[in-house]
């Protein structure tokens, strides 16, 4: 399977962080808007915004995001950033993407949570008008933040669903702030009416996945701690949970110490619902075409598998049922030309 074919395949992505996926030209434009001086060469800039191929840990990997934070403190910046990430996705035939971000990371200079969400939604709408893509937004609560901060954010965004906000996630330092410390916040999100996905098992603890299952979470990000957990995988599959897999990112953060310790094959063999995602296009120096290529190389993934993974993504997405039907039809049409 050539890179050209992989790029042309229609794709759906569920797990993509806004602040970790800005293109270098976008970062330069955002810095100019914020009067922040950047290194003059892209080679130097990449050292600040792309994590090393091997970091010490997830926490080490997350430090890269601090460089971007000052660039995303105005509505104009957030609107342009959202447009930029959706544009990048559209250029590799991503027909549906959910882009997630944490409002509190853009509230340093006076924006409210609803200000940040509305700005991101405007940027996604701009991209949808210009490119052949459906782009939706998820809000992330930060695990390490106070529960009061997160509850205030939930309160501010509760009425934004009609404008294109479709769901909620908790991201950040999973090791220090495990799933069972978020129970009251997860219940608060559920009461708000937003569907949820959850980072789970990225830091190597299978209990966090089990706890998420106990809370009724039906989509989970990373789930690398499933490796070698036969009973948990069985339960994961039986409960029809969808895995948002992020191979390059997990190898970088040592969530998976090697290809062999990545849970894809075990989950695939068990009949699990898999989706392929970038996590952070820039921080991990990747895109979906590169991720698909890695799956072909390491796991022998075939075109018919990619069709199923993308169908999984659309069906598990938080968009409307009518939108899902349209997207599933587009997927089938695209893949039919390769599966004849």
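Note that Cβ sites are derived from N, Cα and C of the backbone, with glycine treated the same way.
Because the structure is a prediction, the values reported are computed rather than measured.
For the Zn(2+) site, Swiss-Prot gives 15, 17, 199; the one candidate out of 115, 126, 279, 285 that the record lists there too is 279.
Close to residue 172 (substrate binding site), meaning Cα to Cα within 10 A, are the following recorded positions out of 15, 17, 199, 222, 279: 199. Same-chain residues that are not part of 15, 17, 199, 279 yet have a Cβ within 8 Å of the Cβ center of the Zn(2+) site turn out to be 16, 20, 100, 169, 171, 221, 222, 244, 246, 249, 277, 280.
With a cut-off of 8 Å between CB atoms and residues at least 6 apart in sequence, the same chain places 15, 16, 17, 20, 221, 222, 246, 248, 249, 286 near residue 279 (Zn(2+) binding site), listed in sequence order.
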